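S.K.: Have a look at the structure that comes next, please.
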Amino acid sequence: MSDKIGRIIAKMDECGVKFVRLQFVDIHGKPKNMAIPLVRPDQIEDIIKDGLLFDGSSVEGFVDINESDLVLKPDPDTFSTLPWRPEEKGVCRFICDIYWPDGKPFEGDPRYVLKRALDKYAHLGYEYNVGPEPEFFILDQDEDGNIIPHDCGAYFDVEPVDQGTDFRRKLVMDLEALNFDVEVSHHEVAPGQHEIDFKFDKALKTADAVITFKQAIKAIVDKIGYMVTFMPKPFFGENGSGMHCHQSLFKDGENVFYDPDTETQLSEEALYFIGGLLKHAPALTAVCAPTVNSYKRLVPGYEAPVYIAYGLKNRSTLIRIPASRGKGTRVELRMPDPSCNPYLAFAAMLEAGMNGIQNKIDPGEPTEIDVYEKSMSELREMGIETLPSSLWEAYHALEEDDVIKGALGGHVYEKFMEIKHREWDDYRVRVFKYELERYLDI
């Protein structure tokens, strides 16, 4: 028995653990889990070693019924109790990796997709870090049953206008109990909208954290009688929810993006990484903004990125370079939203950026104007293109991008495209209230 497993068993015994949740995500990033009754604490050693068989054909995006057997193996580094369920101290959780019965990694496991990309560049000495900024809405219902924001607060408001203060405090405390390093929490721009940021970390740990973060929020809000949504654009005329992703590369403990001897203090690698993100932005959008609703957020006028450009401290461009330098030097990609699968999104972002470094893709000069104030003809003269304006455009861009397809791998790419084609066709044929209001009197 390893020391790590020994410490886990001791902690489980201390907490009186009676059930172990084995958790993973489907192709959408939606958490799934199995609960195992624990007869004795050292039983977990066998579970970690041998895993547990499950039916993968019942999970969207995994396997067909004729090859349904898959194996869940807990990652010991993800052990935690669930602080938002204090009445059930006897429950712990592991995030799992998925394997075929012969011991080979299952290529349709989103967590494996990210681990594969990270391992590829770890061999070259690179460590990829991500710091996400997920936004979300807390919702209520009016007397007619309509979904409404739970408050009328705006950016950085305080109580009583901001009615989410106590909720955010509770959530931050629970996240810290899960070893999150929370940096800040606040009310966002739209009524009922909030943001909690946690410090950047290694990409795999961060992706695990995003899944846990969303799960914790939904559990806590449900207990106080409200709803929470990570839907990108739940209300017309209001800002949508994004998940801006701050990214950096480290090598031998040093930030690869930092060069104190250049005018901007950005290294060549940083600029090439930006160049890769810009080049592959249309295909990246399919993975990082993966729903039909995502594209109702990505429109001018609501602080969401639309134009494929980068700037220093410029929040109107797709990519922003925050002012921090040294170990804090980073690139902020502003198009992702919290409906994305973080494992797939981080893998795709890493491959896009590294493709830029490997091929020395020059991003050009930074854009320091407010691009929202320019016409399309002016932007085209400047060489600035737009992101896809619909899921249909985005998945067609993905079809043409071998780098992002390669990041996903053949299995995930094919399943992802099947699902997105169905999603678009289902959306395309529906008749909405707007159409009845606009065209019924024809």
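Note that Cβ sites are derived from N, Cα and C of the backbone, with glycine treated the same way.
According to Swiss-Prot, the protein has these features:
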DOMAIN    15-103  domain 'GS beta-grasp'
DOMAIN    110-442  domain 'GS catalytic'
BINDING   Glu133, His244, Glu332  Mg(2+) 1 binding site
BINDING   Glu135, Glu188, Glu195  Mg(2+) 2 binding site
BINDING   Glu183, His246, Gln247, Ser248, Arg315, Arg320, Lys327  ATP binding site
BINDING   Asn239, Gly240, Arg297, Glu303, Arg315, Arg334  L-glutamate binding site
S.K.: Just to be sure I understand the packing, how many Cβ atoms besides its own are within 10 Å of the Cβ of Arg297 (L-glutamate binding site)?
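M.R.: I count 23 other Cβ atoms within 10 Å of it.
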S.K.: Could you break down the residues of the domain 'GS beta-grasp' (15-103) into DSSP helix, strand and coil, giving a count for each?
M.R.: 21 helix, 35 strand, 33 coil
S.K.: Please identify, among the binding-site residues Glu135, Asn239, Gly240, Glu303, the one with the smallest Cα-Cα distance to Lys327 (ATP binding site).
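M.R.: Checking each of Glu135, Asn239, Gly240, Glu303 against Lys327 (ATP binding site), the shortest Cα distance is to Glu135.
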S.K.: Measuring Cα to Cα, how many Å separate His244 (Mg(2+) 1 binding site) from Arg334 (L-glutamate binding site)?
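M.R.: Approximately 4 Å lies between the Cα of His244 (Mg(2+) 1 binding site) and that of Arg334 (L-glutamate binding site).
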S.K.: Can you tell me which of the binding-site residues Glu135, Glu183, His246, Gln247 is spatially closest to Arg334 (L-glutamate binding site)? Compare CA atoms only.
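M.R.: Going through Glu135, Glu183, His246, Gln247 one by one, the closest to Arg334 (L-glutamate binding site) is His246.
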S.K.: Based on DSSP, name the secondary structure state of Glu188 (Mg(2+) 2 binding site): helix, strand or coil.
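M.R.: Looking at the DSSP assignment, Glu188 (Mg(2+) 2 binding site) belongs to neither helix nor strand, so coil.
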S.K.: Expressed to the nearest Å, what is the distance separating Glu332 (Mg(2+) 1 binding site) and Glu188 (Mg(2+) 2 binding site) at their Cα atoms?
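M.R.: Spelling it out, the Cα of Glu332 (Mg(2+) 1 binding site) and the Cα of Glu188 (Mg(2+) 2 binding site) are 18 Å apart.
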S.K.: Between the Cα atoms of Arg315 (ATP binding site) and Glu303 (L-glutamate binding site), what distance do you get, rounded to the nearest Å?
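M.R.: Cα-Cα distance, Arg315 (ATP binding site) to Glu303 (L-glutamate binding site): 8 Å.
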S.K.: Could you tell me the C-alpha distance between Glu133 (Mg(2+) 1 binding site) and Glu303 (L-glutamate binding site) in angstrom, no decimals?
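M.R.: It is 14 Å, counting Cα to Cα.
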S.K.: At its widest, how many Å does the recorded L-glutamate site span between Cα atoms of Asn239, Gly240, Arg297, Glu303, Arg315, Arg334?
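M.R.: Of all Cα pairs among the recorded L-glutamate binders, the widest measures 15 Å.
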S.K.: What is the separation, in Å, between the Cα atoms of Gln247 (ATP binding site) and Glu135 (Mg(2+) 2 binding site)?
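M.R.: About 18 Å separates the two Cα atoms.
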S.K.: Out of Asn239, His246, Arg320, point to the one nearest Glu135 (Mg(2+) 2 binding site) in space (Cα versus Cα); all of them are binding-site residues in the record.
M.R.: Asn239
S.K.: Between the binding-site residues Arg315, Arg320, whose Cβ has more other Cβ atoms within 10 Å than any of the rest?
M.R.: Arg320
S.K.: Give me the Cα-Cα distance between Glu188 (Mg(2+) 2 binding site) and His246 (ATP binding site), rounded to a whole Å.
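M.R.: Counting only the Cα atoms, the answer is 18 Å.
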